[in-house]
Amino acid sequence: MPAPFPEDSVGLVTPQLFHFDQPLALANGRSLDSYELMVETYGELNAEKSNGILICHALSGSHHVAGYHSEDDKKPGWWEHYVGPGKPIDTNRFYVVCMNNIGGCHGSTGPQSINPATGKPWGSSFPFLRVRDWVETQVRLADRLGINQWAAVVGGSLGGMQAMRWALEHPNRLRHCVVIASAMNLTAQNIAFNETARQAIQSDPNFFNGDYLAQSTLPKRGLSVARMIGHITYLSDDGMGKKFGRELRSGSFDRGNDQLVEFQIESYLRYQGSTFSEVFDANTYILMTRALDYFDLAREYNGDAAEAFKQASCKFLVVSFTSDWRFAPERSREIVTALMRANRDVVYGEIDSVHGHDAFLVPNQLRYWELFSAYMNRVEV
């Protein structure tokens, strides 16, 4: 009987739930008395516990990076193309860890969870978070796993922000920091996109100020529109043009035809929004986008990014994509310039791609694969 999964996949994986009773002091002054983290791991931790790789997920990501949850599972983890045997993050060499961040909606403690103080879902009362709060929970997970130092901390987009925060706040606990399609802070335009998405959610009559679960409803329409807005910014004009152009899904422009015309891109966006609203939580979306907005790596260093990076002692890989206008290459070059001014070891790659911000997730990009693989092969275990 043939194997149910591709040979270069990690195959069947089972998430693990870790419970923490130690109170977590948050950056906003509030705290969580206890919390849970949903985690997946791939590969084997070596005897020295020196081959650990932490992957930090982005806005809509989760702990499910690679592999399948059942033999009938048709959709692998979100980074399946880059994590597994013989892939850039090679599970034959590395012990790979990813957790669903707190505030998430894939098993870790978040707005959908029951608040032990009330016995009801947290909803709107769940505290807003900062990137450093996620890093603190990741540190505690590393301690639980017995990993004193990661071989590398890796992340794309919001995940890259977490990786950089690791490098500054826990410099002795990672040897390499891989930052893909990210930035040291958001531009005004980026914040504007996030606020527009939040307004779409909050304008849904089923939002109920974030306490929709208490009303036994969900703001699916608002979340769907928010996802449509976000998804447009993750693509590129060239990429959308090549994939959809002005092709029609229905109707025509023939004279005398008054049927409503639907473009392929319209149908695609509605599908993306609808499917996302079935699996993601609106409060989590608001929380995650605010964490993005609030992040500023150099804020505590008087805006001097080089001074901030002087706190780091690891080596860096920074990657950008030419068509990414949400986290444009110049934002990655700002990171590289600051690292060089701080006299830190950095490799930079700018990849030609039509896939926009989502390029860091997209398979079959040879130069990206080669750069990523070459760097990770240098990571000592």
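Residue 1 is the first one shown; counting continues down the chain.
A Cβ is built for glycine as well, from the same backbone N, Cα and C atoms used for every other residue.
In Swiss-Prot this protein carries:
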type     : residues       : note
DOMAIN   : 53-361         : domain 'AB hydrolase-1'
ACT_SITE : SER157         : active site, nucleophile
BINDING  : ARG227, ASP358 : substrate binding site
ACT_SITE : ASP324         : active site
SITE     : ARG326         : site 'Important for acyl-CoA specificity'
ACT_SITE : HIS357         : active site
Point to revise | Among ASP324, ASP358 [recorded positions], residue with fewest other Cβ within 10 Å | key: ASP358
Study note, to complete from the structure: Cβ atoms other than its own within 10 Å of the Cβ of HIS357 (active site), all chains, total 25
Check your understanding: Which ones are near SER157 (active site, nucleophile): of the recorded positions ARG227, HIS357, ASP358, which have a Cα within 10 Å?
Key -> HIS357, ASP358
Review point. Taking Cα-Cα distance, which of the recorded positions ARG227, HIS357, ASP358 are within 10 Å of ASP324 (active site)?
Key: HIS357, ASP358
Review point. Given ASP358 (substrate binding site) and ARG326 (site 'Important for acyl-CoA specificity'), what distance in Å do their CA atoms have, once rounded to a whole number?
Key: 10
